[in-house]
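Swiss-Prot has this to say about the protein:
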LIPID     Cys4  S-palmitoyl cysteine
REGION    35-48  region 'G1 motif'
BINDING   40-47, 174-180, 199-203, 268-271, Ala324  GTP binding site
BINDING   Ser47, Thr180  Mg(2+) binding site
REGION    172-180  region 'G2 motif'
REGION    195-204  region 'G3 motif'
REGION    264-271  region 'G4 motif'
REGION    322-327  region 'G5 motif'
Amino acid sequence: MGHCTSKDQKEGKRLNRRIDEQIKKDQSMSLRIIKLLLLGAGESGKSTILKQMRILHKDGFSQQDLEMIRPVVYSNCIHSMLSILRAMFHLQIEYGEPDRVRDSQLVFATVHANKEELTEELAAAMQRLWHDPGVRECYRRSNEYQIDDSAKYFLDNLPRLSSPNYVPSEQDLLRTRIKTTGITEVLFELKGLTFRVIDVGGQRSERKKWIHCFDNVNAIIFISSLSEYDQTLREDNCTNRMQESLKLFDSICNSPWFADIHFILFLNKKDLFAEKIVRSPLTVCFPEYKGQQNQTECINYIQWKFEQLNRSSQREIYCHHTCATDTNNVQFVLDACLDMIIAKNLKSMGLC
């Protein structure tokens with residue numbers, strides 16, 4: 001009887017040891033998985049940053065991937081022109097040349113027929129429209145209506161996009177816009193760690209899905225578009241986009257869900273901001289602003305507006321100014337961010 005009890009005790013101890021070892025192994029494995037959330041309002045550039053991560057840290061995009069987005073490029077290009085033509089009516093802007101009315105009718109007919117092929121005839125009409133002084137004036141006032149940021153890029157490149165042998169480039173892919181619905185994820189290995197980067201739709205209707213991604217997060221990259229300080233939300237055509245972004249940042253930065261995680265802020269689209277700030281004052285969004293109307297001073301002010309929302313004296317906000325379509329810029333910024341996250345993760349594991 002005593003012999004059996006002793007044997008059972010030894011077996012129990014061995015089992016406990018194996019369980020403890022497995023728990024330690026699982027904990028070690030979980031510490032080597034870094035979960036990053038990309039958060040921000042709609043059209044801030046989250047999906048473009050995720051594409052850049054795939055280019056920089058995965059195998060990028062294959063020739064087949066590029067060819068598959070050709071219809072998206074055509075659709076983005078046609079709908080960019082459509083947005084301008086509709087705005088011309090609402091803003092009561094006349095075409096520089098009367099013949100452009102016929103060209104605009106072709107664009108409307110194409111979209112109405114659900115045929116978003118960039119035919120030779122349509123491309124020629126769109127090129128004539130894009131060079132029309134009235135259309136250009138309407139585009140200059142693009143902050144007064146809803147239009148994709150990539151509009152100028154695609155319309156400037158119409159001759160290339162409409163060529164018979166056109167294959168989208170990596171830059172074309174970065175510029176395409178498809179509304180993010182649900183959750184998109186990229187996994188990559190770096191310096192012995194697995195990074196799991198998650199992008200969830202930023203428009204108001206999509207934010208209820210964010211809660212499903214909040215467990216075991218190591219860092220948040222919050223992305224805000226600098227160039228949207230004088231634009232309104234696509235969802236309501238009323239709320240200022242920058243003010244919406246600040247409100248969203250406030251709620252996330254100070255949420256108890258994220259009290260102990262690293263917080264990174266990307267002030268994105270600095271290239272578009274540089275073009276816009278020379279003609280549209282920052283006081284449109286911030287009437288109290290008294291500084292100079294130049295890129296550096298205005299960006300610093302916007303950064304300060306975000307940073308002052310952080311109510312935790314223990315938390316540092318790591319801020320970077322980015323252009324999500326510039327791979328070199330994104331690589332430089334991501335390298336700095338990922339190195340910081342890795343160093344802090346190693347410290348939490350007691351390895352440095």
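Positions of Cβ are set from backbone N, Cα and C atoms, glycine also.
Swiss-Prot feature annotations superimposed on the structure.
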residue: Gly40; record: GTP binding site; Cβ within 10 Å: 25
residue: Ser44; record: GTP binding site; Cβ within 10 Å: 26
residue: Ser47; record: Mg(2+) binding site; Cβ within 10 Å: 22
residue: Leu174; record: GTP binding site; Cβ within 10 Å: 22
residue: Ile178; record: GTP binding site; Cβ within 10 Å: 10
residue: Val200; record: GTP binding site; Cβ within 10 Å: 23
residue: Asn268; record: GTP binding site; Cβ within 10 Å: 27
residue: Ala324; record: GTP binding site; Cβ within 10 Å: 27
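Assigned with DSSP, the residues of the region 'G1 motif' (35-48) fall into helix, strand and coil as follows: 3 helix, 5 strand, 6 coil. Secondary structure at Asn268 (GTP binding site), as computed by DSSP, is strand. Assigned with DSSP, the residues of the region 'G5 motif' (322-327) fall into helix, strand and coil as follows: 1 helix, 0 strand, 5 coil. Sequence-distant neighbours of the region 'G5 motif' (322-327) (same chain, 6+ residues past either end, Cβ-Cβ under 8 Å): 45, 48-49, 52, 55-56, 170-171, 174-175, 223, 266-271, 333.
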